[in-house]
Every structure is written in structure tokens, then in C-alpha cells.
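Q: The structure's right below; bear with me while I get my questions together.
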Amino acid sequence: MKALAKLERAPGLTLTDVKKPEVGHNDVMIRITRTAICGTDIHIWKWDDWAQKTIPVPMHVGHEYVGEIVEMGQEVRGFAIGDRVSGEGHITCGFCRNCRAGRRHLCRNTVGVGVNREGAFAEYLVIPAFNAFKIPPEISDDLAAIFDPFGNATHTALSFNLVGEDVLITGAGPIGIMAVAIAKHVGARNVVITDVNDYRLELARKMGATRAVNVSRESLRDVMADLHMTEGFDVGLEMSGVPSAFTSMLEAMNHGGKIALLGIPPAQTAIDWTQVIFKGLEIKGIYGREMFETWYKMVAMLQSGLDLSPILTHHFKVDDYQEAFATMLSGESGKVILDWTAA
């Protein structure tokens, strides 16, 4: 089958032929129709330090996808041939304390699809049936293909009550932009997002941001004054991993504020801990999606009017993958979709 693979320890990916995967007793085989390019895939493409330490070579990658079940293991229940599915990219052990307590998103033995094992940038993907998630007919393939990052945004944004709250989002990547739409959808008052990328800040405006702030030109404090915010933000969603962004968030938070951290800062990042302690801030780390509460929340929000269509900015056939990755690397895109139906 055709697949996008890392064949050598160097930048880039190669469209190549690989062996079709085999289906185990508890697995489903999915014929892939759409995939999306993730920031993780960009790290793999660039072959940065993280990728060099993490990604087996050779291996085909990718973990944002939708497709149709074409084969099932003999023990699989609850699915049928022809079901349209996406899937949870974190394969958990099922036996550690957190798994057995129902907190599978906190499994200490997680294996990542397209990171630690063969991925979805291929004509076919095999995953445990437990990880598959049925997609309702009213949700398009393009939207279903981005359920993985949409889930990151949902898990982060819904970590705290947002109704009537003032929310600061630092980092206008696709996940941060989707978090804007989620926060507004569930009833936040002011949703302010910061970045230095004008293209993506404009996308955030289209997704409902109260203010989209280019911090290279505009002061967050001035924006807060314009919005008559006298006490600071109630909730912070840190999506960038940029230390200066986190610092500005800590300074802008109200006492008793709550922060969810999805962005990954450098290992030795220093912050002013007095901001955390004397303000009584609550900080929560976010990894992946809650299984499967986050997935049900995603579907419910889309069915109740959440519009993510502005984030779907570019579409390519898989044969044009190099142009697709170049578009993502340019910084002037939202989500980039690859069509596998012509593969």
C-alpha cells in the first residue's frame, strides 16, 4: 500500500510502498480517506532533536485521520464493516492504575500512533477497536480528520468552567484557534488570543476571538483596558510553549485564576513563582484527550452549532504532499488536509 514514511534519519518524508498491516483479534482495519498534518508531523519532517530521539526508522507516520472500517478482528463488537471512524491516537496499556481507574489519558505506558508505531499516512491503518470512534453522518470527512487536535483544544478549553469568564489564549496555532471557538461556544465573555503571526490571528478573529493581539505591536495590558477588564483573566490556555507568552499570562491572570498548559516549553524554563503562589493560581498540564469524554464533547459541540470550517484552509492530494508540508511550514495556513481517495 502507499504510505508517507520516514525512510532515513534526515529531513523530509517519502511517498513509498509498504506492507499492508495485519488485523489482530481485537483490531479494526481502516481505509483512510483524509488525513491532516499535525505540528508533530512537522517536527518529524524537520527531523529535530525530539524526532531523532523518538521516531523509529523506517516507519510511516501520521495520526490525524478519518476513514472507513474494511476489516475487523473476530473479537470486535460494536462496529460494522463500512462504519466511518476516526480514532484515539494514544494506545493505552489497560493495566496501570490510571487505566484501571478509567483515566486512560493518564496512562504511563501510552504508545502513540504515527509516533511510536505505524501511523495513518497510509492507505490502511490498523488500531485496537477500543481506540476507534464512530463519526456521525452530519460531520464531514475534513472535520473528522482533525478530531485529534480538535480534541486537544477541547480537553484544554473545557478543563475549567468558562461560562461568563474572561479567557486568555497564548499561541494562535490551529489548536489555540480552535480553543477560541470552543470558549465562545460554551459561553465565555471575552476571549483574547495572542501571537505574532498575523495570518493566524486573522483566522482566530474569524473563529470568534474578542481580540486577536499581535504582541510584537500591541500591549496586552492596553487590550485589557479597552475591554474594561480591571481584575485580570479568569482562565488561561497556554498553547504556544513560548516562555515569554507564559510569563505574560501569569502577569495578566486574576487572583484565583486557572491555567491549562498544552504548549511544551523548553525544559529549563524559569517563571516567577511568586505570581503563582501569591495569586493562588491553579495550573493543570494537558496531554491528549480524555477517553472518551473529550470525543463525545467534540461531537456534541459540532452538532449544536460550533463552526470550525475557517480552520480548514488548504487541501491537497496525497501525491502533492511536499507542497502540503511546505504550506504548513510557511506558517500561513490553518489545518492542511491530505486526500487519500485518489491514492
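Placed from the backbone N, Cα and C atoms, the Cβ positions cover glycine too.
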Q: Starting from the NAD(+) binding annotation in Swiss-Prot that includes Asp195, Arg200, Leu262, Gly263, Ile264, Ile286, Tyr287, which of Ile175, Ile182, Ile311 is the extra site residue?
A: Ile175
Q: Find, for the listed recorded positions His43, His63, the residue with the lowest Cβ contact count at a 10 Å cut-off, counting only other Cβ atoms.
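A: Least crowded of the recorded positions His43, His63, by Cβ count within 10 Å, is His43.
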Q: List the residues in the vicinity of the Zn(2+) 2 site, defined as same-chain residues other than Cys93, Cys96, Cys99, Cys107 with C-beta within 8 angstroms of the site's C-beta centre.
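A: For the Zn(2+) 2 site, the extra neighbours are Thr92, Gly94, Phe95, Arg97, Asn98, Arg100, Arg104, Arg108, Asn109, Thr110.
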Q: Show me the subset of Thr40, Cys93, Asp195, Leu262 whose Cα is within 10 Å of His63 (Zn(2+) 1 binding site); these are the recorded positions I mean.
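A: Final answer, ordered: Thr40.
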Q: Which residue among the binding-site residues Cys96, Cys99, Cys107, Leu262 has the fewest other Cβ atoms within 10 Å of its Cβ, if you could check?
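A: Counting other Cβ atoms within 10 Å of each of the binding-site residues Cys96, Cys99, Cys107, Leu262, the minimum falls on Cys96.
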Q: When you measure from the Cβ of Ile175 (NAD(+) binding site), which residues in the chain that are at least 6 apart have a Cβ under 8 Å away?
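A: Set apart from Ile175 (NAD(+) binding site) by at least 6 residues yet with Cβ under 8 Å, we have Pro149, Asn152, Ala153, Thr156, Met239, Leu262.
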Q: Does DSSP give Asp195 (NAD(+) binding site) helix, strand or coil?
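A: In the DSSP reduction, Asp195 (NAD(+) binding site) maps to strand.
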Q: So which other residues, same chain and not among Cys38, His63, Glu64, have a Cβ within 8 Å of the centroid of the Cβ atoms at the Zn(2+) 1 site?
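A: Near the Zn(2+) 1 site, the remaining chain residues are Thr35, Ala36, Ile37, Thr40, Asp41, Gly62, Tyr65, Gly89, Gly114, Gly119, Ala120, Asp148, Pro149.
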